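Heads up: the structure comes next, in structure tokens.
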Amino acid sequence: MIVRHLSLGDFRNYTRADVALLPGATLFVGSNGQGKTNLVEALGFLSTLGSHRVSTDQALVRQGAESAVIRALLQHAGRELRVEVQINRSAANRAQVNGTATKTRELPRYFSSVLFAPEDLALVRGDPSGRRRLLDQLLVLRTPRLAGVLSDYDRALKQRNTLLKSARARGMKADQLSTLDIWDERLVAIGSQIIAARGALVESLQPELARAYLAVAGSDHGPSARPELSILADDPGEDDVADETGARDGGRFTRTEDVVPVFTAAIARMRPRELERGLTLVGPHRDDVLFRLNGLPAKGYASHGESWSFALAIKLASAELLRRDSQTGDPVLILDDVFAELDQARRGRLAEAVTGFEQVLITAAVFEDVPEHLAANAVHIRAGAIVESPTPASASEPASPGEDGGAA
């Protein structure tokens, strides 16, 4: 799959922007703060329903506007598809596919992308929340129905936490809360699906991770990934950090029916502590995935270069998995200011690894940071305007310049 045309309205610093895109590699180049990342951020939003830079959608709406619009013309095997999302500042977002309204959470069914960014280093060195988000985004791209499961879990968790906080405030004991039993069952039923799906995903990623790491690093350091489950811990810590001893090793849980009894027992075991804290202490919202190199946790032991290689390998492995499973072609690869973070050797190896994908979109502040064969088609961005872009004769819509709406 490729993006033939991207159109933005009141998105970030663009009042309006239109750009026609080519198969293969396209480089968006411009000084920092000009708006080049905003273009690829918009495409990332279409496939993940979120931004890699901010946690709230409101930040994506141009200052002074009430909504932003992202439109993309997609093409696969000669067929075209138009997808659109309207991001509203004070109302629910809205989506369309070929002019027909659809649920926003259905968009990943039609378009998938994998984004590489400087923030990816936090996948190795950062908190568990980033690794959970990585897995969940990939789950939804592979199996779009899981977007509903994840939303249902968030709602059940919120309701259960509200009940626990109320019980703590009123000094109620565990045997006085029959309503909590209902929410326990719901949390276990939904959460077990997520735990099993993540476990199966990590298992599928493992061989791709090994190949991708070798391709990027040029050496085999035995990269591995293993789920770490809070339902297996006797005493989940407040810092939400995986147990490096393996006490929380959840690699064997890839089926929902295997997770349910263990989750049920953990909920019962932790109820007294949860009533003390007013908080749900076990479940997929407290889990992690442990990355290892040469048998040691990458977090805390891997060098800066090894950490970067692992982060890039995780994203490449994700892309290969989507490519293998997809019936709509390759995911679009988005490399946002990544080459500036890498040494010359890793730049070359990463460029070689992504060259075979149908479409690769790259941003860079310095033209020379990008290997030459990836920079042939360049889109120049200046002050929130597209000042130069490729104009393929086969493009279905003309490109027109964006307008300056403020730096971003």
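Glycine residues also receive a Cβ, built from the backbone N, Cα and C atoms like all the rest.
What Swiss-Prot says about this protein:
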| type | residues | note |
| --- | --- | --- |
| BINDING | G30, S31, N32, G33, Q34, G35, K36, T37 | ATP binding site |
| REGION | 220-252 | region 'Disordered' |
| REGION | 389-408 | region 'Disordered' |
| COMPBIAS | 389-402 | compositional bias 'Low complexity' |
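Of all Cβ atoms in the shown protein chains, 13 besides its own fall within 10 Å of the Cβ of G33 (ATP binding site). A count of other CB atoms within 10 A of each Cβ picks out G35 as the most crowded of the binding-site residues G30, G35. Neighbour counts of Cβ atoms within 10 Å were taken for the binding-site residues S31, Q34, T37; the minimum is at S31. Taken residue by residue with DSSP, S31 (ATP binding site) is part of neither helix nor strand, so it is coil. It is K36 that, of the binding-site residues N32, K36, has its Cβ surrounded by the most other Cβ atoms within 10 Å.
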